Amino acid sequence: MLSFIIRRMAVAIPTLLVLVVASFYLMQFAPGGPFTSERPLPQQVLDNIEAKYGLDQPTWKQLLDYVGGIVTQFDFGPSYKYKDRTVNDIIAQGFPVTLTYGTISFVLAILVGGALGIAAAIRQNSWLDYFAVGITIGAQVLPNFVMAPILILVFSLWLGWLPGGGWNGGQWDHVIMPVIALSTSYMASIARLTRSSMLEVLRSNFIRTARAKGLPDRTIIWRHALKPTLLPVVSYLGPAFVGMVTGSFIIDTIFSTGGVGYFYVNAAFNRDYAVMMGLTILLGSMTILFNMVVDILYAWIDPKIRL
Amino acid sequence: MSLANLNPQQPKTAEMAEHMAEVKGRSLWADARVRFVRNKAAMVSLVVLILVFLFAFFGHLLTPYDNETIDWNVLGNVAKVGQPSFENRHYFGFDDSGRDLYSRVVQGTQISLMVGIVGAMIAVIVGTIYGAVAGFVGGRIDNAMMRFVDIAMSIPYMFVLILLLVVFGRSIGMLFVGIGLTAWLDMSRIVRGQTLSIKNKEFIEAAVATGVRTPTIIRRHIVPNLLGVVVVYATLLVPQMILTESFISFLGLGVQEPLTSWGALISQGTSTMNYGTLWQLFFPLAFFVVTIFAFFFIGDGLRDALDPKDR
């Protein structure tokens with residue numbers, strides 16, 4: 001197990017480095033410096049600004065300073081666009097929002113998707129099963145940028161039940177639609193995975209043995225079938241997490257929730273490279289670490305993987 | 001068992017062999033076709049998809065309007081006079097800038113389908129070659145190649161894609177590069193796995209034993225056996241590419257005006273739905289959902305048809 005963890009880290013650490021170095025050097029390719037404006041600044045002023053942000057240093061030194069700042073002080077540097085704000089301010093403002101609806105969506109997708117999948121598998125070919133399969137097939141082609149407009153159309157414009165956007169400090173009626181829009185397609189995938197996995201497990205020999213012993217259905221499902229059923233679901237958690245992080249771009253754009261996705265897309269339009277790089281590194285390393293944890297969890301549940 | 005007992009069997013076996021020869025052998029592909037045709041969802045999807053393609057290629061012939069001319073009588077008053085109507089031949093109505101939405105959807109369909117198919121093709125070609133080489137060569141090279149794929153796969157690609165689009169400018173060409181850069185990774189893994197399992201099969205061993213040269217083995221035995229998996233995965237890859245493109249274009253970072261795509265059209269429809277111009281959302285959304293559905297069902301149908309495990 002320990003050797004598996006070490007081997008898995010041997011992938012995660014280079015990945016992190018590649019992410020940081022690649023996004024840093026990509027920024028160096030960007031046309032125009034951050035302080036290029038329509039009215040050219042006097043050379044002296046430009047020199048002063050560059051010295052203030054450390055841009056007069058050689059590139060490798062800038063990279064080292066930047067990474068050093070993140071690692072030692074969790075300091076992502078200043079925003080190039082908004083002179084009075086640092087990237088840290090932006091993270092502090094947007095991250096709690098994204099974290100709130102992201103966590104709710106993630107947990108909801110797992111719980112509801114898992115429950116639906118298990119229920120459908122236990123009562124295979126019943127109306128519940130057909131209902132679940134129908135929903136999962138339909139929801140698969142409803143990504144967040146399709147779900148969100150439809151939700152707003154139905155619940156805000158037609159029915160007027162929920163506000164069409166805004167965050168309002170995370171009041172429940174502002175959270176519902178972002179959560180549904182973000183989690184639906186992942187819920188569907190998890191339900192489909194759980195169902196097919198459960199059906200396969202229920203047909204296996206050790207379950208037949210348990211049946212032959214005369215164990216009640218409930219014991220068979222909870223004690224014996226559940227753990228092997230959840231294996232493929234665990235391996236799907238990584239992609240689902242990545243999908244939800246990037247999905248927050250859409251959610252923040254459509255619902256104006258003001259999470260990090262909003263700042264990321266905004267920075268992309270404003271060419272605010274400092275904000276883009278900071279958020280890329282923060283969210284990117286979160287996903288890389290999350291994937292690592294999921295893989296280790298997977299190996300812990302299923303010893304076959306450790307080999 | 002004595003020889004006497006065996007002898008009467010011999011003519012029978014010979015007879016059977018003759019009969020066998022009369023039955024015409026069905027190839028893997030003929031077999032798969034029969035199974036695919038029996039799959040109703042896949043067949044219906046195929047028809048739908050052909051219609052969508054026809055729409056993309058020939059849809060512009062049905063309308064007197066192009067996708068760029070702005071009708072100044074409609075601009076600013078789209079919600080009142082811009083509805084879909086067959087009388088003035090604006091079948092899908094107007095978009096928010098007073099352009100004919102039907103021609104815009106035709107254009108968007110062309111571009112979305114093109115991104116999907118070209119993106120999938122890049123992925124298939126690069127992924128198949130990479131995976132087949134890694135699987136066939138094996139050993140240390142395989143190890144290094146696959147470790148590289150591992151690392152590339154765990155980088156969240158949407159960030160990289162957006163970074164690329166921002167740094168090198170938002171264009172369709174960059175979109176292809178960005179999507180193609182990451183889409184082949186899965187493919188290479190699948191192809192490598194498949195190559196490994198085929199490499200150790202008895203019929204390859206037999207071919208090696210009878211002295212068939214390696215290039216011939218790859219061409220005659222490895223590639224045909226890879227083809228099923230590749231075809232299935234490529235069909236499932238197309239909707240994924242379309243989804244990615246639409247995602248990026250929805251954010252406004254992908255396809256730029258005057259070009260458009262389903263994602264961009266859906267985004268425009270979303271931003272104007274408060275004004276009651278719902279057709280601007282409905283038509284691109286319908287085309288998007290129907291096409292993605294069709295691709296998924298065809299992919300599923302092909303998988304069922306080509307999966308040898310099913311037999």
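Using the three backbone atoms N, Cα and C, a Cβ is placed for every residue, glycine included.
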Which listed span TrEMBL calls transmembrane segment, if the choices are A:59-85, A:275-301: A:275-301
Candidate ranges A:175-194, A:195-214 [criterion: TrEMBL lists as transmembrane segment]: A:175-194
Candidate ranges A:104-123, A:130-155, A:233-255, A:275-301 - greatest C-beta contact count to the transmembrane segment (A:175-194) (under 8 angstroms): A:104-123
Chain residues outside the transmembrane segment (A:233-255) and at least six past its termini with a C-beta under 8 angstroms from it: 94, 97-98, 101-102, 105-106, 109-110, 114, 144-145, 148-149, 152, 164-166, 174, 177-178, 181-183, 185-186, 189-190, 193-194, 197, 261-262, 264-265, 283, 286-287, 290-291, 294-295, 297-298, 301
